[in-house]
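Over in TrEMBL, the protein carries these features:
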ACT_SITE  A:LYS207  active site, proton donor
BINDING   A:ALA10, A:GLY11, A:LEU12, A:GLY13, A:THR14, A:VAL15, A:GLY16, A:THR17  NADP(+) binding site
BINDING   A:LYS107  NADPH binding site
BINDING   A:GLU192  L-homoserine binding site
DOMAIN    A:355-435  domain 'ACT'
There are 2 protein chains.
Amino acid sequence: MAEPLRIALAGLGTVGTGVIRLIETNAELIARRAGRPIAITSVSARDRSKDRGVDLSPYAWEDDLTSMASRGDVDVVVELVGGSDGPALTLARNTIAGGKALVTANKAMVAHHGLELARRAEDAGVALKFEAAVAGGIPVIKGLSEGAAANAIDRVYGILNGTCNYILSTMEDTGRDFADVLSEAQMLGYAEADPTFDIEGVDAAHKLAILASIGFGARLDFASVDTAGISRILAADIAQAAALGFVIRLIGMAELESADGSCRLFQRVQPHLVPVDHPLAHVDGATNAVVAEGNFMGRLLFQGAGAGDGPTASAVVADIIDIARGEKGATFSMPVSELEEMPRAQSGHRRGRNYIRFIVPDKPGVLAEITAAMRDADVSIESLIQKGRAEAGGEVLLAMVTHEGPESAVTRALELLDGSDSLAQPPLVMTIVGK
Amino acid sequence: MAEPLRIALAGLGTVGTGVIRLIETNAELIARRAGRPIAITSVSARDRSKDRGVDLSPYAWEDDLTSMASRGDVDVVVELVGGSDGPALTLARNTIAGGKALVTANKAMVAHHGLELARRAEDAGVALKFEAAVAGGIPVIKGLSEGAAANAIDRVYGILNGTCNYILSTMEDTGRDFADVLSEAQMLGYAEADPTFDIEGVDAAHKLAILASIGFGARLDFASVDTAGISRILAADIAQAAALGFVIRLIGMAELESADGSCRLFQRVQPHLVPVDHPLAHVDGATNAVVAEGNFMGRLLFQGAGAGDGPTASAVVADIIDIARGEKGATFSMPVSELEEMPRAQSGHRRGRNYIRFIVPDKPGVLAEITAAMRDADVSIESLIQKGRAEAGGEVLLAMVTHEGPESAVTRALELLDGSDSLAQPPLVMTIVGK
């Protein structure tokens, strides 16, 4: 058998220790599949003394993780430190500059610096891989960049954040409110102490920007992802949605808008209403799922565990096995120079159905003012439910679903209502996922 | 840009013409992704004069398809002729012997001769790829052999035949009987004039044997797939299943049975009862779906179009792009010599819940005889429904669901009843898919 592929592991959190456990547990099988053994040679983390439940004595310890990049006994550096900049980025640059392959699970770093790193990797002739950065254990980077490579893809969307999906599906199952379910999720370890990146959609936006780049052959553009989170969703929204035949999911949606021979890139993370007969409506708990629509393959769905040490380690080691097999590939499915620069699409161009929820004072004339604004902006209302809220004295919930129409009309209607004392708080708009 | 990769296309049915259309339509995008253009140089089929809706004039015509293998202007032969032996197999052998890569969509040939061809390809140092042989446009071969490569997989199962799934989900939606829906499916082109391979489970068995080999690192063993089709399923079975919270799907199920340090291979295609909250319960129409369970990634689901010219062409061209990128890979995810020879597992070792349906004469004592047989064989009954059949004078349907127990007990119970005049026809057993 060929020489082992030598791995340096930077970062020994749950994923890092998961990678060690995986490589140790499945060593023989991995060697058969990779054609050579995978050997961890050195590890690094902030705290050497911490008990991580794995025996680190077989591996050299490196106090300064960025110096992993210059070790002579390393072929691949696995970066599991996290953070878009700082030590992770320094390590990534040094690794590539040192002529070593880089595997990372760091979505923030890839979303912010992916093109720069990919160009450096191309110049150095080394592999840069990040399957674990998107949707945990689901091989969706490989699925898009290789499995679906023959297709022009014009839509990639999915459930990309397990924490949000856990919270939403628990709200759905129990009828409880957001804040209540969030604190339980934090206690159970399903949500971070500071959950902002998850619940405000930033984590999903990182992943969406990566998927859009690979799917569309577009230059990665995280800055133009329009992002909204789930913290404003009420138990009552979920109940209204259910009554109308929908569930609520945080969905990252990327679309290619072709017009006048050029392409624009639409990227948005926001809560959506998903029809109960859509495959994404059955994705519960911390599960992730990604849908890609191609001009020949039709609709393809990948579903699996979106987080956790085991699934994420599975994706990290899949990248390592690819490298051991000599399959380097282009980082974003094509060389950076081939990626198309696409301007941001205006969401107003999109047509669709929307759910709009208002919290309004319980007084005469409110309904007339809101429906007049809809009429004046040419928003056609398909259904409307007004419902008293037991917990909020004097305020009622008003939920409507629009007929299909331009999003710009909904925006205009809400502008007409802006500042009106008919609204007790800003309205919440959620797009309905089409067929 | 590098030299084009030159393709010979053998077989110009719907998939072959789909491949031509795809390569022409997406040429520019494919070249960006593959790093070089894909150029069809020659084509071959039985009938040159037939109008296929694509212009064949840019391509050299070869009357004898097996001679594609020796053309000087070809790097990859794409075999879309079909049939496990005959011209397809000759072409495959000649292609590899001629030092060319082979891409095929031929599940029957791979199921019967895959190991031989893979060994030949290894010896010749050429690629042999067959993504399109399993589950049409879904990149499940790549998903298992690369995406899930870090995992010990102990279970692979799924909906592998679009024709059966179309028939079953239409029976479910309309309450109509099998024969009725089959003839409609034939009229609509969803089922072949001779549908035997599809409805008797042979096509699904071909695909299952391929998935099991790749998933488990086992030597492909099509002969030991236990196969039953859907032709005996009644509208009443579907109604009973629905009343109990299940749908009926034809499922190919492969499991690795580890005992005493050695592994046995369980492979079975048969109709199963699927709980309505299982992801496979929502796979309708001609859609395919495959689930793989790994020791680190957990449960992974791939879902998409299982047949049709576009999706199948998408998989064929994905293989071609891999070859253009220089990613050869091992045909069954590891060299043939590394694949483990696994004896067939006895289904009697399995434990599970089963649905058993009897058609019995409407006379006293029948129920007593059947329940006594269950008792004597130690089969514990969870629920039982007896229902008159309007259409069959004097016969009634008796459906039961067992508690979890060994399959051998069910077999023993049915042996006790074998030949009894309490049974108007042989009973139908369907396993219930577990969580």
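Positions of Cβ are set from backbone N, Cα and C atoms, glycine also.
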The predicted model's mean pLDDT over the domain 'ACT' (A:355-435) is 90
Reported as an integer number of Å, what is the Cα distance between the residue listed as 'NADPH binding site' and A:LYS207 (active site, proton donor)?
6
Beyond the site residues A:ALA10, A:GLY11, A:LEU12, A:GLY13, A:THR14, A:VAL15, A:GLY16, A:THR17: chain residues whose C-beta lies within 8 Å of the centroid, for NADP(+):
A:LEU9, A:GLY18, A:VAL19, A:ALA45, A:LEU80
Mind checking how the domain 'ACT' (A:355-435) divides into helix, strand and coil residues in DSSP?
22 helix, 33 strand, 26 coil
Quick check for the class: what is the C-alpha distance, in angstrom and rounded, between A:GLY13 (NADP(+) binding site) and the residue listed as 'active site, proton donor'?
21
What Cα-Cα separation, expressed in whole Å, is found between A:GLU192 (L-homoserine binding site) and A:LEU12 (NADP(+) binding site)?
17
DSSP-derived structure type at the residue listed as 'NADPH binding site', helix or strand or else coil
helix
Just give me the nearest neighbour of the residue listed as 'active site, proton donor' among the binding-site residues A:ALA10, A:THR14, A:VAL15, A:GLY16, A:THR17, Cα to Cα.
A:VAL15
Here the binding-site residues are A:GLY11, A:GLY13, A:GLY16; which one has the lowest number of other Cβ atoms no more than 10 Å from its Cβ?
A:GLY13
Residues near A:THR14 (NADP(+) binding site) in space but at least six apart in sequence (CB under 8 A)
A:GLY308, A:ASP309
Secondary structure of A:ALA10 (NADP(+) binding site) (DSSP, helix/strand/coil):
strand
Does anything in the same chain, at least 6 positions from A:VAL15 (NADP(+) binding site), have a Cβ under 8 Å from its Cβ, and if so what?
A:LEU80, A:ALA105, A:ALA132, A:ASP309, A:THR312, A:ALA313, A:VAL316
In sequence order, what residues of the same chain, 6+ apart, have a Cβ less than 8 Å from the Cβ of A:LEU12 (NADP(+) binding site)?
A:ILE20, A:VAL43, A:SER44, A:ALA45, A:LYS50, A:ARG52, A:LEU56, A:LEU80
As a test of the contact definition, list every same-chain residue at least 6 positions from A:THR17 (NADP(+) binding site) whose Cβ is closer than 8 Å to its Cβ.
A:ARG52, A:GLY53, A:VAL54, A:ASP309
